[in-house]
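Participant: The feature region 'Disordered' is assigned by TrEMBL to 1-36. According to TrEMBL, the feature transmembrane segment maps to 49-68, 74-96, 108-126, 146-169, 181-200, 206-231, 243-265, 316-338.
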Amino acid sequence: MIKENGNGVQVTHAGRIRRRKGSNEVPADAGQPNGKQLLVNDQNKYKSMLIRAYSSIWMIGGFIFVVYMGHLYIWAMVVIIQIFMAKELFGLLRKVNEDKQLPGFRHLNWHFFFTAMLFVYGRILSQRLVNTVTTDKVLYKVVGNLIKYHMVTCYFLYIAGFVWFILSLKKKMYKYQFGQYAWTHMILIVVFTQSSFTVANIFEGIFWFLLPASLIVINDIAAYFFGFFFGKTPLIKLSPKKTWEGFIGASVTTIISAFVLANFMGRFHWLTCPRKDLSTGWLQCDPGPLFTPENFTLPGWLPEWFPWTEMEIMPVQWHALGLGLFASIIAPFGGFFASGFKRAFKIKDFGDSIPGHGGMTDRMDCQMVMAVFAYIYHQSFIVAQSVSVGMIFDQIVMNLSYEEQRALYTNLGQIIQDRQFGES
């Protein structure tokens, strides 16, 4: 007779322990000193590197293709990533025996998930949806009503889930059910907080999504290779394979890459232009002073053999240095947090969907921290803080009916006409 104890371990009737195939438990050397787990001391490091490199090539290639397709496709990619992350996190505290006694209880998690998705993306994309359907009067009216009642719709969907949860409570299962309820809401906060900032960055201009995301990827790859070849000094106990050599090497690489990549990406209008609707065509716009190259005189202390005395630098490159600094010094703590979280639950990875990398959540830990910072930085230091014509126009289109907009147009035209006659 074989029994499972819930931790990926099967116990036979004779008391022998057998590991379940594919289980995600912490390796036996998890308690060893950090120095014994460094990559330079790993006997299988080259095999692991090849698997990791193969997966990375596919991920980077797919990522470039999605970015090439445009804003809506990037948003779809974010949604797919969210679903994978939620699936991995929902299963983290799941107990099979309890779930068997609660048929349909697992669907409640996804009800809350998709309700949260409707609420978050409805608020972010409502104005762009309005801008997409302005040419069709009937469709415009339907969309306007949907936006008007968006919040109350989401509220009653949540209340429906809340009532569903109360009605599903079962004697002797209260502790498990309430634990799952709290865990579900924690997951929603973690997943949708970062994703809402990510999507906002995308529609502000793909540049503000692509650059921060690329810096995290570069930092991760650089840290791996510097640690692989030179890592000798353990960095933090939560991540035994992280080294100071990898951390410092990755930091320098990331900051330099930020400065160079900002100049390269800033030359493409379809990356820098904000998307005001939900169409899929490429964009053309005035890049503005932020993406207009300026001549920069190099300091005089450079050696005489240095071939340049001036360089063309975009102002956005100086902002990119701030993003690179954060990506190399602060964002890795998202990975350390995830490592501590996994150790608390005695698992090696959140999942196994990406060979050599673990699960989707393992890849997104630093990205979550970076996405929030990129949005806050953009809103604080890039976007003009004063009220603009565009902001007022967006409010008019989103909040006034078709008849009210026509009345405003007529009245505003009359005011301008009266002022012209008064000045003459």
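Cβ atoms here come from the backbone N, Cα and C positions, even for glycine.
Fair warning: this is a prediction, and the values are worked out from it, not measured in the lab.
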Participant: Is the number of Cβ-Cβ pairs under 8 Å between the transmembrane segment (181-200) and the transmembrane segment (74-96) three or more, considering only pairs separated by 6 or more positions?
Facilitator: yes
Participant: Quick test of the contact rule: Cβ under 8 Å, at least six residues beyond the ends. What residues does that give for the transmembrane segment (206-231)?
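Facilitator: Answer is 38-40, 45, 49, 52, 56, 60, 63, 67, 70-71, 74, 198, 241-243, 245-251, 253-254, 257-258, 261-262, 265-266, 270-272, 316, 320, 323-324, 327-328, 331-332, 366-367, 370-371, 373-375, 378.
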Participant: So which residues does the transmembrane segment (49-68) touch in its own chain, when a touch means Cβ under 8 Å and the partner is 6 or more beyond its ends?
Facilitator: 74, 76-77, 206, 210, 213, 217, 221, 224, 228, 354-357, 363
Participant: Please give the sequence-distant neighbours of the transmembrane segment (316-338): residues at least 6 beyond its ends with Cβ less than 8 Å from one of its Cβ atoms.
Facilitator: 207, 211-212, 215-216, 219, 223, 236, 238-239, 242, 247, 250-252, 254-259, 261-263, 266, 290-291, 350, 361-362, 365-370, 373-374, 377, 381-382
Participant: So if I exclude everything within five residues of the ends of the transmembrane segment (108-126), which remaining residues of that chain have a CB under 8 angstroms from its CBs? That is, six or more out.
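Facilitator: Distant contacts of the transmembrane segment (108-126): 79, 82-83, 86, 90, 147, 150-151, 153-154, 157-158, 160-161, 164-165, 168, 180, 184-185, 187-188, 192, 195-196, 199-200, 203, 278, 398.
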